[in-house]
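Read through the structure below, which is laid out as structure tokens, and then see the notes.
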Amino acid sequence: MKIEAAKMTPDVRAEVIAQGKALKASVTSLESRLAQAESAFVAEAAKLPNRTHPDVPLGAEDAATTLRTVGAPRDFPADGMAPRSHVDIGADLDLFDFEAAARVAGNKFYYLKNAGALLEIALINWSMTFVAGRGFTPMTAPDLAREDVVAGCGFAPRGEASQVYRLEESDLCLVGTAEIPLGGMYAGQVLTSKQLPMRLAAFSHCFRREVGSAGTATRGLYRVHQFSKVELFVIARPEDSEAIHKELLGLEEAMFTALGLCYRVLDMPSGDLGNPAYRKFDIEAWMPGRGIGGGWGEISSASNCTDFQARRLGIRYREESSDDEAAAGSRDASVGGKGATRYAHTLNATACAVPRMIVAILENNVQADGSVRVPDVLRPFMGGLDVIRQS
């Protein structure tokens, strides 16, 4: 019932004013509860992982399927010597210093020195040159990203089990991979189908807390809190992502073959995929000094995240129809016509995780006299140096 304010008695006016205040307070309370419910809903929804490819093995990490092994472990006895750990090789050649780094920053940090530092720079330059020659745009990326970008890529920025370093009094995190700032670069963007696939290759420093990791197999450079890496990131149309996933794997294999490594390719099981990955291929190199008698150590992975990250980050693209299709088509844009937008697919792959590459090179290329042969492809990036010797 509408009552004109001028015709209200003082008592009615006071009652209406009181009712208005009560309604306003009620609306404010309901809006607050709605915001809390929506926030809780989004938080729970974010815990849901991506779907898995029908060919993904089911189970924990040990259920991985070996797709192929390339090369054979080196026969050290035939060379008249025993395998050695990269920790001992590097100490003799004065390539790194773990003790000084521990005093400065704590355990799992390191200094690279002399030819060790040159080897890192050579690996980065060679990797970037290699992938740039295959159609990837070379980039550098920020080492920090906002929490919403980290979460949008499928990484947990908070919690006891989080591997992410957070900056106090800030919403910024140190990134664990360039995949995060590369994905964030296109958050909220609408691309065109002509721009896809978009192939990016970025160098960045990576930071990981490595919660729960310990043991002799992780000593030295194998598992550290900070390292350099060249990461590949692709934004693609959904119908192209599976083919591009295999392309990324082939690119990784070409790089490791060029370095002369013995490696195996694994189709990783459902329990090891992590939330974003629809399917993930890992590559492990043979590391003669890993454990007793040597062992396989992960050096790269290639993941197809389908639209998992794109939906959270808002990465979409617009299909561009031909002129003939546009003239004949009568479909509405919301159901796929000209001008419609779709969520893209994102993929990522490791081109070069520097510390583990150094581990593999040192342990596989050490000679009987303690020197280390530099892989042929890296020599132009190390001033022509072919052997690392004691100074």
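A Cβ is built for glycine as well, from the same backbone N, Cα and C atoms used for every other residue.
TrEMBL labels come from automatic prediction, so no person has curated them.
Listed in TrEMBL for this protein:
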{"type": "DOMAIN", "residues": "134-375", "note": "domain 'Aminoacyl-transfer RNA synthetases class-II family profile'"}
{"type": "BINDING", "residues": "Thr177, Arg208, Glu231, Asn348", "note": "L-serine binding site"}
{"type": "BINDING", "residues": "Arg208, Arg209, Glu210, Val224, His225, Gln226, Phe227, Glu298, Ile299, Ser300, Ser301", "note": "ATP binding site"}
{"type": "SITE", "residues": "Thr350", "note": "site 'Important for serine binding'"}
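Positions of TrEMBL features highlighted on the structure.
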| residue | record | Cβ contacts under 8 Å, 6 or more apart |
| --- | --- | --- |
| Thr177 | L-serine binding site | Ser204, Cys206, Lys229, Glu231, Asn348 |
| Arg208 | L-serine binding site | Gln163, Val164, Tyr165, Gly176, His225 |
| Glu210 | ATP binding site | Lys108, Gln163, Arg223, Val224, His225 |
| Phe227 | ATP binding site | His205, Cys206, Ala353, Val354, Pro355 |
| Ile299 | ATP binding site | Phe256, Leu261, Tyr263, Ile283, Glu284, Ala285, Thr350, Ala353, Arg356, Met357, Ala360 |
| Ser301 | ATP binding site | Met268, Lys280, Phe281, Asp282, Ile283, Ala349, Thr350 |
Max CA-CA distance, Å, over listed ATP-binding residues Arg208, Arg209, Glu210, Val224, His225, Gln226, Phe227, Glu298, Ile299, Ser300, Ser301: 19
Extra residues within 8 Å (Cβ to Cβ centroid of Thr177, Arg208, Glu231, Asn348), L-serine: Val175, Gly176, Ala178, Glu179, Ile180, Cys206, Lys229, Thr350
Which of His225, Glu231, Asn348, Thr350, all recorded positions, has a Cβ with the fewest other Cβ atoms inside 10 Å: His225
